[in-house]
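**Q** These came from TrEMBL, pasted as-is:
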TRANSMEM  12-33  transmembrane segment
TRANSMEM  53-72  transmembrane segment
TRANSMEM  84-104  transmembrane segment
TRANSMEM  169-193  transmembrane segment
REGION    249-323  region 'Disordered'
COMPBIAS  297-323  compositional bias 'Low complexity'
TRANSMEM  338-365  transmembrane segment
TRANSMEM  377-402  transmembrane segment
TRANSMEM  441-459  transmembrane segment
TRANSMEM  466-483  transmembrane segment
TRANSMEM  524-544  transmembrane segment
């Protein structure tokens, strides 16, 4: 009976809505209030008068959202979930979060104070929010009061405008509005990107817009990740577009359950395959090496375009791909670069996708050659960097973000793999009477490893699907960063969903990440930092083993 209900779209829609309402109610009961609660954990919350209700609503609501999203994936490609139905469902799940206090994070309060610094003429890259001091300083987590901001100049300008009202409530509302606009922009850009690379639109929209991260964290938490992902998706969509002249117009998406019309040659450098005959079976999604072998459902009639050739083989029509990218107008390259530059100007770490955007613009290294990549891909990079630099100086803040990123290291949490390793080593040292302080050292080593991994991923995907490569690069940033938050997972998810890579493994990570934070914003497993650090080491070992296997030739992501 339960399995039958979970196969009904209407049941999943209302199940997710019920979960969203539960989480929204919890935002009023125990959300991130303007005052700071001390010593918050599951036990202390449970002991409060309304504690059992708070925990029941929170974890029950998250479970409902996650179950609805997870099982909805199985209905994709069967003609059951139309684009309009998915958009309506996503809107229903997000609507309860529009009017709630900040949820599952205190970042909005810190953002408001950073905006107050900008409005007062101070530089958040040089001083923390306690320097002014911010009129709403008591709402900011202690660890972030003296820490420079890691955000880009465009976001800080927007934060300054939000704080210019002189009201904390007005600033919070402004940030919520920006987050909603970001989600709306994602909803507009994802279908365009998916169509242009030959991926199913319903899959892209469901995996991203209906992901629990969107209503709970992007809208409920008001994070600027919504804006940065919106600009990133828009930039890739522009660069993946059909040639400005001489190209074949992109086919309209086929209705769910019908044969998809062949797309024009994707700018990633690989010809789109011919559609399968009616009733044919679509190619299976690529499977990450070592991931669960259970088949993830893909649209049974619509055939996604091939993301990339197998390692070591030439692209299927490299000459045509090169010609198509050569005909792509300079304005298209500049426009794509500008949009990506805006994404980076909000969240600096998104900059790791820029080389992959250049590869997408020229159709891959083999198709364009080094000269073509440097000439035309260089235009994309130059436009993006020009926006970042121009925004930095036009805002009057300069290039302080180059050093301010190090401030993220002030927070020490097991959810960051490098930090977990450091915490585990320090705990083991204490067992033998040694007082070690290795977290900063491990974090520094991790940043060096990150640089190496990014170069390796870039080289591996020089002639393969650049969306998958960019998604893996973002995952590497999350994995090696000194601090990691659940909502960061929306970065790679947006790119994987718009392509043809299997996301079952990432979806499972999202589900686990959702339960790691209480509605107030404190980590659920915070009192268990040491045991969770050792558990994280096991995960690190698994990732390393699979990475080595991939580098030896096993395909981490195979062509669809």
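Heads up, the Cβ atoms here are built off N, Cα and C, so glycines get one too.
Curation does not apply to TrEMBL; its annotations are automatic.
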**Q** Using Cβ atoms and a strict cutoff of less than 8 Å, what residues sit near the transmembrane segment (53-72) while being 6 or more residues removed from its termini?
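**A** 6-7, 9, 12-13, 15-16, 18-23, 25-26, 29-30, 42, 45-46, 81, 93, 206, 210-212, 215-216, 507, 510-511, 514-515, 518-519.
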**Q** For the transmembrane segment (466-483), could you work out the same-chain residues 6 or more beyond its ends whose Cβ comes under 8 Å from its Cβ atoms?
**A** 197, 236, 268, 286, 307-308, 349-350, 352-353, 356-357, 359-360, 364, 408-409, 411, 413, 415-419, 443, 446-447, 449-450, 453-454, 457-458, 460, 489, 491-493, 495-496, 498-499, 501, 543, 556-557
**Q** Please give the sequence-distant neighbours of the transmembrane segment (524-544): residues at least 6 beyond its ends with Cβ less than 8 Å from one of its Cβ atoms.
**A** 41-43, 290, 413-415, 417, 419-421, 423-424, 427, 479, 515-518
